[in-house]
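Worksheet for the structure shown next.
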Amino acid sequence: MGRVEYLKKEYSDEEIYEILEKPVKEWFKRKYKTFTPPQRYAIKEIHEGKNVLICSPTGSGKTLSAFLAGINELIKLSMENKLEDRIYILYVSPLRALNNDIERNLKEPLKEIYDVAKEIGIELDEIRVAVRTSDTTSSQKQRMLKKPPHILITTPESLAIALNSPKFSQLLSGIKYVIVDEIHALTNKRGVHLSLSLERLNRIANFIRIGLSATIHPLTEVAKFLVGNGRDCYIVDVSYKKEIEIKVISPVDDFIYTPSEEISKRLYNLLKKLIEEHKTTLIFTNTRSATERVAFYLKQLGVEKVETHHSSLSREHRLEVEEKLKKGEIRVCISSTSLELGVDIGSIDLVILLGSPKSVSRALQRIGRSGHRLHEKSKGIIIPFDRDDLVENVVLAYDAKIGKIDRIHIPKNCLDVLAQHLVGMALEKVWDVDEAYNLIKKAYPYKDLSKKDFLDVLNYLAGGIEEKNVYAKIWLKDNKFGKRGKSVRAIYYMNVGTIPDETAVDVIADGKYVGEVEEEFAEKLMKGDIFVLGGKTYKYLGGRGNKIRVKEVFDEKPTIPAWFSEQLPLAYDLALDIEKFRKEVLSSDIEEIREKYDIDEKTAKAIKNYMDEQNKFAIVPDDEKVLIENFDEEKRRYYIFHFVAGRRANEALARAFANYISKIKKCNVRISVNDYGFALILPKNRKIKRADITELFNLDVVKNVKESIERSEILKRRFRHVATRGFMILRRYMNRKISVDRQQFNAEMLLKYCKEVNHPLYRETLREILEDSLDIDNALDYFEKIKRRKIYYLELPSPSPFAFNLVVSASSDVIFMEDKKKMIAELHKKVMEFISMKGKK
């Protein structure tokens with residue numbers, strides 16, 4: 001196993017200048033005067049051939065830390081007339097926009113170094129820089145073959161294609177440095193895909209790996225992910241060098257009784273005031289629709305130079321906005337998630353987060369966009385929308401200040417990505433099975449890959465399922481494998497990558513089209529679920545291909561709000577801290593809370609009142625107590641499980657519990673889930689007894705979640721994604737794009753067969769849903785925690801304050817914002833009446 005350790009030595013300017021060639025040293029002295037912290041730790045170590053992961057804030061000279069040792073080597077070769085026509089430095093970024101940035105940011109210093117060299121009488125050969133992505137034309141690729149760049153900038157997908165390009169791959173064999181930027185954005189299947197590409201590249205080239213990351217935890221795991229198994233990695237962590245200021249500012253004192261229009265008015269007035277106090281402000285919302293809404297209202301208030309930036313806008317528009325931001329021509333820019341990553345956007349004075357960013361690392365990435373230089377303070381303001389949001393943001397801001405960051409999740413042993421790379425490898429040469437297995441296991445996400453899973457994927461690729469029109473891509477014989485047929489290369493080129501084709505799903509009622517929903521929303525549906533579309537309420541009956549069947553229902557409350565798919569989930573570590581905070585608030589006075597959490601008196605009071613109300617009405621569920629509450633409505637019974645585990649883990653537990661209860665009570669059980677718990681909703685003639693609750697806590701969670709998944713839309717959708725990644729279903733064939741409708745239809749034809757034979761791609765679909773979507777590991781961890789707590793099962797006259805959002809959010813599509821406020825106010829009045837009655841007894 002390779003060693004992972006933190007670098008302790010910070011080199012002086014003189015020590016770094018010693019290793020730099022004269023033109024580079026002279027240029028650096030003129031332009032920068034002195035090295036920044038990440039440069040002091042990293043440059044010399046990279047020069048000495050060490051793999052390095054650099055974690056430092058935006059504007060700290062991180063990119064130059066990564067490139068300078070390599071550029072210095074290229075200048076040295078150029079001075080010695082030894083610079084060959086091949087690629088020396090490979091830079092990989094998940095963002096195409098970032099690639100264009102880097103190209104610009106490299107060409108400028110290289111030109112300046114030439115000018116300095118000329119001045120001091122040194123002639124240099126030109127160091128070429130080029131970008132190769134899906135936007136690169138055939139003629140540009142041809143030019144690269146004739147005159148290769150010395151520095152190549154690319155994306156994970158384009159690297160996978162380049163590895164299999166017979167001529168171009170030869171140019172990769174001399175690579176000395178590989179730089180992976182924004183590695184924190186690659187802790188997903190795209191990153192898993194890249195980790196295998198790097199191992200395949202390592203077979204033909206011996207290179208140093210350099211990773212660049214924003215604040216992420218744990219860095220030791222990211223380091224292993226960067227370098228793979230058996231290699232050393234050294235971590236430069238200077239994220240603490242940047243001063244950060246985070247404040248939680250509430251637009252109103254009272255979220256319950258202040259009318260919506262008033263909250264809205266005060267919110268936009270607050271935003272206007274903050275914008276006017278700063279030169280450039282960046283506002284993050286949590287949904288794309290909110291982005292446009294905020295921009296509209298700010299313009300109405302007379303705020304000038306307002307722009308939006310999100311993934312639904314055209315690339316041209318986004319680039320134009322980035323350019324304007326850089327030039328300081330925008331007063332305020334509103335974004336959803338698209339500006340979280342490191343595209344250079346110049347100087348931002350203030351970052352405002354509307355609503356909770358749901359994780360400390362996301363908050364730090366967003367707020368880190370302000371105070372672009374290392375010595376400047378990053379300034380962020382979080383504006384909560386309700387009482388739960390207020391509590392969450394106070395805990396989040398505190399965790400951010402003390403540097404407590406939520407853990408990342410890197411998918412493991414993804415069999416669909418493995419299948420794709422095995423096809424790519426078969427195109428390179430004939431492989432010995434064990435040699436290929438050992439190469440795959442060097443990639444960190446595959447270190448524990450079983451030989452059985454590996455052979456199952458090879459056998460699938462060699463056997464195909466011809467009766468289902470899935471043809472073999474490789475041959476496998478005598479412990480060796482290679483490519484099969486001429487069309488395999490084209491299939492690989494046209495279908496490589498991990499990002500599935502997304503589409504809208506048609507909604508059909510009584511044979512008629514009534515609208516469409518996002519696929520991400522459709523995959524959450526289970527039979528009997530109720531949702532709202534175009535102001536009408538529908539019950540989900542089932543789905544086939546790219547259509548879902550529904551029937552219109554009346555007097556039924558929705559179980560899934562329409563915005564569910566756009567919501568960010570609460571990080572598990574932060575959720576656990578919220579539980580501890582609840583207990584702390586109950587046992588502290590207002591002054592103690594105010595001081596420790598650096599909040600104003602009215603915020604501390606609002607939080608204290610919220611906890612007291614809950615405590616007087618029921619109990620406060622925290623890290624020692626579990627609350628399960630039951631209350632009845634006219635037609636149904638609600639059972640609310642106050643589990644603070646984040647929405648993904650809660651959905652796993654809710655599915656497991658609902659599956660079990662529906663079997664023993666022989667009825668349909670609906671669920672409604674949020675970050676703070678879930679509701680099981682039963683018909684009025686069914687009841688969950690205390691004995692049933694005891695049984696729930698002895699449940700086989702995984703078995704029940706799997707049973708639930710097998711009945712829901714998510715399995716069909718995710719199987720298509722996995723099957724396209726694993727080349728069982730093609731997205732493009734013979735220069736033709738295959739529609740998502742067709743892909744989905746093919747997936748459903750294959751799903752039954754794959755389930756029957758326990759196919760590796762079926763197993764991968766279940767793994768992806770359980771581990772990557774539903775966060776099963778944390779769900780099981782939480783399940784064990786609550787078993788050790790004191791459990792309170794209370795029958796209540798109406799929902800407790802902590803349950804308001806869960807009860808109302810399910811209905812928030814049928815009711816307008818104003819009615820939602822009224823509904824919460826009504827529930828609150830009932831709570832206060834009950835408390836006062838209790839007080840009189």
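Each residue, glycine too, has its Cβ placed from N, Cα and C.
Among the ranges 81-84, 181-184, 709-712, the stretch that Swiss-Prot annotates as motif 'DEVH box' is 181-184. Put plainly, the recorded positions ILE352, ILE499 were compared by Cβ crowding within 10 Å, and the winner is ILE352.
Confidence over the domain 'Helicase C-terminal' (266-416), given as mean pLDDT on the 0 to 100 scale, stands at 87.
Only residues 6 or more beyond the boundaries of the motif 'DEVH box' (181-184), in the same chain, are considered here, and those with a CB under 8 A from a CB of the stretch are 53, 63, 66, 91-95, 98, 102, 191, 211-216, 222, 225-226, 341-342, 361, 365, 408.
For THR63 (ATP binding site), the same-chain residues 6+ apart in sequence whose C-beta sits under 8 angstroms from its C-beta are ILE102, ASN105, ASP181, LEU212. For the pair GLN39 (ATP binding site) and ILE499 (site 'Wedges between bases of the loading strand'), the C-alpha distance works out to 34 angstrom.
ILE499 (site 'Wedges between bases of the loading strand') sits 17 Å from GLU182 (ATP binding site), taking the Cα positions as reference. With the fewest other C-beta atoms within 10 Å around its C-beta, GLU182 stands out among the binding-site residues ASP181, GLU182.
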